[in-house]
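Copied from Swiss-Prot, the annotated features are:
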{"type": "REGION", "residues": "1-179", "note": "region 'Large ATPase domain (RuvB-L)'"}
{"type": "BINDING", "residues": "18, 19, 60, 63, 64, 65, 169, 179, 216", "note": "ATP binding site"}
{"type": "BINDING", "residues": "64", "note": "Mg(2+) binding site"}
{"type": "REGION", "residues": "180-250", "note": "region 'Small ATPAse domain (RuvB-S)'"}
{"type": "REGION", "residues": "253-338", "note": "region 'Head domain (RuvB-H)'"}
{"type": "BINDING", "residues": "289, 308, 313", "note": "DNA binding site"}
């Protein structure tokens, strides 16, 4: 049977050494962090398994890292898998029956579980038991298997795609938000120390401002800036060195990359600022709809460059200004700017 969990390092874990190991080391998400600390301490004091946890929010904000930290703070085992990997109900049953008492089972992209697998998960989460059908036809019978006390930690970028029965079984829903520049400066400073890279405060701020409020992107940009600085012979990464490297990576002052600018330019040039539907944009950009909705749009919405309306996506005045273009005559921005 194909391994459902991933015990070896994957490409996504290339920065595993930079990840915080405890809640105290974790930067940002202050309210979520404090609540988790309280829930973990309470569960340990009672001697119970922590209630099931759901992390949701845009990609790259630390959902997987927090799941690992939860297991480490509880002092229990950690097993990791993802929704698309669990193809059959039997796959999930195999995972659950191999858990030890108190273990944390992390399911990334939990919104992509199939309905059949999800049905198995309900009694497992609620009653710590599995209901399995044995046999077929008139002779089929249901057998209940007791499971160890465990904590399911789910992660999703699309909370709205979770079914209500599944969502309601998570006792601890935790929303993760984009990071501030100050928080990202701390993330970058810590990562630079671990990488042995000398970085000036203004250099860390320059990278932070272009990291789209996302620690994963901040770490990736920091490593690329390190490469440019090493080849250029910079002993310390200051704002000037960071700016030069990021410009070569085509990451602009707002943190937008080439794909973001293609998205904005398409709405501006072809659709006169919108509204335009997401399926049309996906076809024009040759990108899946999920990429548009999960990767490109959240940050553009966060910084106010675009708006989602019932009729489709539209550009706000700040987007026209960033592109260096004037809204077409008769557009909403053009009317309200007068």
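Each Cβ is built from the backbone N, Cα and C atoms, and glycine gets one as well.
Bear in mind that the values here come from a model prediction, so they are computed numbers and not experimental data.
Shown here: features listed in Swiss-Prot, placed on the structure.
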residue: 18; record: ATP binding site; Cβ contacts under 8 Å, 6 or more apart: 190, 191, 194, 195, 219
residue: 60; record: ATP binding site; Cβ contacts under 8 Å, 6 or more apart: 214, 215, 216, 217
residue: 64; record: ATP binding site; Cβ contacts under 8 Å, 6 or more apart: 80, 106, 108, 155
residue: 169; record: ATP binding site; Cβ contacts under 8 Å, 6 or more apart: 52, 121, 122, 125, 126
residue: 289; record: DNA binding site; Cβ contacts under 8 Å, 6 or more apart: 278, 279, 282
residue: 308; record: DNA binding site; Cβ contacts under 8 Å, 6 or more apart: 297, 301
residue: 313; record: DNA binding site; Cβ contacts under 8 Å, 6 or more apart: 267, 274, 275, 276, 277, 278, 281, 297, 306, 307
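Residue 216 (ATP binding site): 19 other CB atoms within 10 A of its CB, across all protein chains. The record assigns 289, 308, 313 to the DNA binding site, and the maximum Cα to Cα distance across that set is 15 Å. Comment: ATP site residues 18, 19, 60, 63, 64, 65, 169, 179, 216; largest CA to CA distance 32 Å, whole number. In three-state terms derived from DSSP, residue 313 (DNA binding site) belongs to an extended strand segment.
Excluding the listed site residues 289, 308, 313, the same chain places 277, 278, 281, 292, 293, 297, 312 with Cβ atoms within 8 Å of the centre of the DNA site Cβ atoms. Secondary structure at residue 308 (DNA binding site), as computed by DSSP, is strand. Model confidence over the region 'Head domain (RuvB-H)' (253-338) is summarised by a mean pLDDT of 89.
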